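Database features, via TrEMBL:
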type	residues	note
DOMAIN	7-299	domain 'EIPR1-like beta-propeller'
REPEAT	224-260	repeat 'WD'
Amino acid sequence: MEDDAPVIYGLEFQARALTPQTAETDAIRFLVGTQSLRYDNQIHIIDFDDENNIINKNVLLHQVGEIWHISTSPADKGVLATCYNKTSDTKVMTCAAVWRMPKELESGSHESPDDSSSNTQTLELLCHLDNTAHGNMACVMWEPMGDGKKIISLADNNILLWDLQESSDKAVLSSSAALEGKGQLKFTSGRWSPHHNCTQIATANDTTVRGWDTRSMRQIYCIENAHGQLVRDLDFNPNKQYYLASCGDDCRVKFWDTRNVTEPVKTLEEHSHWVWNVRYNHSHDQLILTGSSDSRVILSNMVSISSEPFGHMVDDDELSDQEDQHQEEKIKEPLQDSVIATYEEHEDSVYAVEWSSADPWLFASLSYDGRLVINRVPRALKYHILL
C-alpha cells in the first residue's frame, strides 16, 4: 500500500465532533462523537496502527444526546468533555459535561477486535458544567499546559472558567465574563492560547474575534469584522506567541498578529464554501489544515509567517565549502507560501480537521456523513521540512 494513501473509516451515524487524545503522545488516537436523533449517541475511540495502516476502534455509549463538541484533558488520557443537546419540555439546550472512559480503554496500546460493537461500554459521568443560568454551550477548552483541572466553557454570551476538583467529580465556577453590546452576542468557538503562561484565550462571535485575559476576565484585543460573515473557528500558532488563525463563512482563512489587529498578516482564499476548521501543526507551524463545507480538506504551507521562515538554521562549522555555498543559495531562494495538497475523500461538509498528538505528520478529517479520513503529510514535503 502506498505510504501516503488515505485510510477511511465510516461511522453509521452522522458526526461533527472530532478531537485527538491530547494526553496520548505515543499512540495515534482520535475520538469522534456522533449525532443521531433516534439512537443512543456514541464516542468512537479510533486507534490508528501506523505500521499496518489499519484502524482499530472501540465504541463508548454517550447516552445523553447529540454531540456537538468534544475535547480531551491534556493531562489525563481517560478524561474528556462533551457539549451535547438535551431536550426537556420541547426546549433543546446544549449542555456540557466531563466524563471518564473505562480504565482499559485509556491508553492506545490495546488491540481491539473488529467486532467491538458487541461489548459497547458506557462513559462514566464525572460532573456537569452547569450552565442553566448561562445558556447554550458552544465549546469546552482545557488549559493547554495544565494539569487538566482548569477548563473554560463558552455558553451563549458567557465565558465560564471552571476548576475541577481533585477527582474531577465536581466543577466549581471560579470566574466568568459576559459579552456586552449590540448584534448577535453568541460565541461560536474559542481557543486557549498556549503562550503567556496560558492566561489568554481567543473567542469568536458573529464576525468578531476577541482576546481575553483569563486572570481579570477582561478583553485585551478585539478584531471587529475579522471576516465578512460568521467566524467559525480559531487556532493559535504553537510556536509564535502573537499569531492567531481564523476562518469563517466568507470562505477565507486569515492570519493575525494580535498586537496589530487592523489588517490580517495573510489571507487564504482556497475554499469555495464555509470554512469550519483551521488547525496549526503542533511541531511545524508552517503547516495549516482547513476543512470546509465544500467537502475538501486543504493542507497549506504558510512558510512566510512561520517560526522558521528560512528553514532550519545550520551551524557554519558543520558545513564544508561546497555545502556552504549550496546552503547560502538555499537561503537566498525566497520560500513561497503555497497549497501543498487538496484532499477530496469526503462527499459531505467537513466539520472537523485535527492533527494527531502523537505523530506530527498525520491528521484526521471528519465529514457530516460520518466518514473519518486519516491522511499523512506528503513524504517529499516531510523530508524537505526535516532536512
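Placement of Cβ uses the backbone N, Cα and C atoms for every residue, glycine included.
In TrEMBL, annotation is done automatically, which means it is predicted and not curated.
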Next item on the list: Please work out the helix, strand and coil residue numbers for the repeat 'WD' (224-260) from the DSSP assignment.
Entry: 0 helix, 18 strand, 19 coil
Next item on the list: Averaged across the domain 'EIPR1-like beta-propeller' (7-299), what pLDDT does the model get? Just tell me the whole number, please.
Entry: 91
